[in-house]
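Scroll down for the structure; my scribbles are underneath it.
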Amino acid sequence: QRRALRTASEKLRNRSSFSTNVVYNTPGTRVNRYISRLIEARQTESEMADLNFITLKYKQIERENKYHQLQDEYFTSAVVLSLILAALFGLVYLLIIPQSTIVLVLLVFCMCFLVACIMYLHVTRVQCFPGCLTIQIRTILCIFIVILIYSVAQGCVVGCMPWVWNTNSSSSIVIISPGGTNKTMNELPCDTVHYAFLSCVVGTLTLAVFLRVSSLPKMVLLLFVTILYIVILELSGYRKAVGGGSFYMHGYEPIQAILLFSCALALHSRQVDLKLRLDYLWAVQAEEERDDMERVKLDNKRILFNLLPAHVAQHFLMSNPRNMDLYYQSYSQVGVMFASIPNFNDFYIELDGNNMGVECLRLLNEIIADFDELMDKEYYKDIEKIKTIGSTYMAAVGLVPTSGTKAKKSIYSHLSTLADFAIEMFDVLDEINYQSYNDFVLRVGINVGPVVAGVIGARRPQYDIWGNTVNVASRMDSTGVQGKIQVTEEVQRILKRCSYEFVCRGKVSVKGKGEMLTYFLEGKADGTNSQTRSLNLERKMYPFGRANIQTKLGTSCPSVSSVTSFTVKAGLGAGQMSASHTNQTLHYLPSVPAVKEA
């Protein structure tokens, strides 16, 4: 046995995935089969616990109501079978049993009623009337049809009972005994009484064809029919008429037949009802499990689409799980933005009053969440959030795989979208400052260029971008000015065609790059009444003054060939130059010594 178990475990270990194709004659497999059967039996017991043992109804009223709302697709077939059974009774009645006017009227009425029911059910199925065939209507129709057919069968029995023998007897029978004595008795007017008994017993068979009617009304109806049959049989004096005493078993045969047949029908109805209810319960549980699986699948997809961009998440969902290679993608033109809150570190303090810094982190979470909500706008759908590093927000645009020609054509709109997003981030932070009575200041850096994007990590995978463009964009943020959007010369060259206003900062020393010419993005001109971001910041961002903000300026701004005017304002100690271009307005800050990155 140990050798067999060791062999089976080795086979399982050699397979790449778990399989159930183990040799069935091993002792371990027999134990597994026994355990599976035991689990199935316990599962059936747990499902039986949801049903009432006597009435077979669900203990949950809501589930019982839903079960009653199921459509009985075999109800029309059951009525057709009842019509066939009634026609057979009529045939037996006309050919064998003595006719009676009352029974004949009942037979005709029963046939007409069943035909009318079939026509009604056909119309309701074609017209699809809602609520026209509820469980109550089906139960009432079933009871009425069974009573009607049983009345026809019982009428046949009543016509053959002893109380009509004396009135209808017109001849006598001579019985010659072996001892030589002769006896004379009246001839029975119904010599086929056993056919009448059989028809009455089979008349209860109609209950078996209505499957989805509850077993409780069926059993009550069977009890009523059986009692009525026995009472009529005893009141007619049939046992005494056939020549038997109280213990004459031949006289009890009709009663025994109806009792056995009724018990068989009751057991059949209960078993069918139990099977249908268990099937429904299994179907409901399967549907609930499927809904749970779909819900979990949707939650997993939602989490995956929150962790990764849409096209990257779709790549992993559509790929083979066994072939999860490294995902990477190169892009020629991507706009990268770093937005940080430099004075948040001064705000974060771990004290007992703010729950050891938790309240500070809650405020930072609200700020980042508002930035994420801003990205949910349709206009900013092309922007992808990369990650947050402390109080720094990193985003990029142009990470959707496209052809090279399309990427060159769309880089203008992509950078314009990223610039508008950076400008609107100031408005979001202004609103938070107004509500929380804080003076957080945003500092933004933007760059454009080639990057490599990919997913790193098997557990907790992270989508990130790498390249010199990302490093320079980070330096644009770290060497920037609070309340300003610092961009590189390449970004300024692309956005100058989109009516954005810039201020040349000059050359700034960037670590690893030397001196770089940078610009401040002031805003977007709006026709003749242009209003820049710097004016908005002057009014909204610094209600307590700007004396505490030191601007790091650069040198060596490029000269402008098409200079229309140059104005020097005395008393301010600064020169202002305005250059008129078609779609661009440039302002130049005064020259001061270059400041290296700290």
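Keep in mind that glycine also has a Cβ here, set from the backbone N, Cα and C atoms.
Taken straight from TrEMBL:
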DOMAIN    335-477  domain 'Guanylate cyclase'
TRANSMEM  74-96  transmembrane segment
TRANSMEM  102-121  transmembrane segment
TRANSMEM  141-165  transmembrane segment
TRANSMEM  193-213  transmembrane segment
TRANSMEM  220-238  transmembrane segment
Contacting positions for the transmembrane segment (74-96) when only residues 6+ beyond its ends and CB under 8 Å are counted: 103-104, 107, 110-111, 114-115, 117-118, 121-122, 125, 133, 138, 141-142, 145, 149, 152-153, 156, 192, 195, 199, 202-203, 205-206, 209-212
Same-chain residue ranges lying at least 6 outside the transmembrane segment (220-238) that approach it to Cβ under 8 Å: 143, 146-147, 150, 154, 157-158, 161-163, 200, 204, 207, 251, 254-255, 258-259, 262, 265-266, 269
Integer mean pLDDT for the domain 'Guanylate cyclase' (335-477): 86
